[in-house]
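A.B. asks: I grabbed these lines from TrEMBL:
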REGION    46-78  region 'Disordered'
COMPBIAS  55-75  compositional bias 'Polar residues'
REGION    128-150  region 'Disordered'
REGION    188-209  region 'Disordered'
COMPBIAS  196-205  compositional bias 'Acidic residues'
REPEAT    236-267  repeat 'WD'
REGION    286-316  region 'Disordered'
COMPBIAS  290-302  compositional bias 'Low complexity'
COMPBIAS  303-316  compositional bias 'Basic and acidic residues'
REPEAT    329-362  repeat 'WD'
REPEAT    369-403  repeat 'WD'
């Protein structure tokens, strides 16, 4: 009986019975984090990778900040004067403009991380570079005749304009009425306003199981896999501001979302609510001491803590998630950038407040806070030993943290002029740690000692994209020794790690400045990504190119697009176990049966090889749940 229990626990998608506590579960797992070690020792841990940092921290000192610049007369410059003196260079056109002017004209949908990096690097990138291809011919430069200068200036300005045209009067004085009209028109282009598109109207009151607007690449004539996809649930109204990241737990029953409002929200499938609620209640009744200050505590919805409160969404049986979050974790003081789950329900969250926080689904408090020197852009639990996690930061340091020991076990530093780490993950089941940089490099380190191994320059051989752009996401492809890399040249690339060659390049979506990242479906057959043009884009990982004679075998622009948002789609992911969400053909009896067998793997059965569950989130905080049941038989 003991052996059987161990075997069952090691199944990533399985859940133990509610009678077993998480503490006993984690003790039985070898090389796994448990609550005792997670909550022991210091609750706030500071990164100390070298003697200088250690001495500084121990002496209670702080890193001296930069001195405010002064004028020739010795007067301290104002913020406006400093911003006006800093010039920002457009990497595409070579144009330089004052930072204060650039920031005023940035679109309202700009990612705050992108804005911060722009300040740090004194560079900005025009969105039109995203649409360029490797083989695009350079366009003829505008001449000074026939309003050439005017068109050139308005073209350079158009990517930095907000939704309003409050500065129209100023622009009219500077460029004339013709320029203002041009600016208004390109404003709509920047925000992809579909004036005649009925799907661009407010989606409030949208009925569930509504077919989503579908489009496909012009060269893609079908058959399509997602033309029948439907919206089955709308989780909008909770997040105040953009959702920057979404992650499913390994079991597929919990969804974590986070972003601009500094709060981590956990959503639970209706069929798994009792299990996790019982887990929470058991720890509450044991009277355990709160391991962190109360101001960092979690705020749960009343309906989640009181089993007697009626579930507000029970009337809609098609909605897979409870309409209110299972819990909300508060404690971060700035935008959240990344999330990572362990197999036994620990959750890491990283933020622009320069910290990583550790949570557990059974607890209401932040278990530990790991302080960094700069923004923490990416985090990942070690896939084989979740006592360790990887963090990448804008300070250029990659850190491997030991959670039980509350310290940095190993660290390394990126070299080069631009040292900003913007993505991080493990590959080959934890053998290597890989980070992505602002200048378009993927650098691999041996995890055992965190020593440099090799690197890939993620860029095209020619055209505008020959300059490396910011890496926004890195996803391993298990079993095939490959990784999927997303970058700010509006390209997604699949690399073969055996020889570091490019296996496939996916294009069609728009990702010129966002922190959008692509990911795989549950069986790795498809790739999904959000996009700045308000669509969700999907590619077949290995599209059948055998019937085409004139296309390159390492290019895939046969995308399918789904429109269900009115703003930039900041995140899109597939559910890891769609069989938990899509009812089988036996129908209504499925949810009750599944509740009784949460510790059984039978409920993981996928009803169809072509059934997918997709989630997307946007800049306004809207979250949509899609179900795609294809009748195609291959």
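Going from the start of the chain as shown, residues are counted 1 onward.
Placed from the backbone N, Cα and C atoms, the Cβ positions cover glycine too.
Owing to the predicted nature of the structure, the values given are computational and were not obtained by experimental measurement.
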A.B. asks: State the non-local partners of the repeat 'WD' (329-362) in its own chain: residues 6+ outside its ends, Cβ under 8 Å from one of its Cβ atoms.
C.D. replies: 12, 22, 25-26, 29, 32-33, 35, 38, 112-113, 116, 244-250, 254, 256, 258-260, 262-266, 276, 279-280, 282-283, 295-299, 368-381, 386, 389, 391, 393, 401, 403, 515
A.B. asks: Mind tallying the repeat 'WD' (329-362) by DSSP state, helix then strand then coil?
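C.D. replies: Helix (H, G, I), strand (E, B), coil: 0 helix, 19 strand, 15 coil.
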A.B. asks: Quick check on the repeat 'WD' (236-267): DSSP residue counts for helix, strand, coil, in that order please.
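C.D. replies: Secondary-structure breakdown of the repeat 'WD' (236-267): 0 helix, 16 strand, 16 coil.
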A.B. asks: Mind tallying the repeat 'WD' (369-403) by DSSP state, helix then strand then coil?
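C.D. replies: Tallied per class, the repeat 'WD' (369-403) gives 0 helix, 21 strand, 14 coil.
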A.B. asks: On the 0 to 100 scale, where does the mean pLDDT of the repeat 'WD' (369-403) fall?
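C.D. replies: That region's mean pLDDT is 96.
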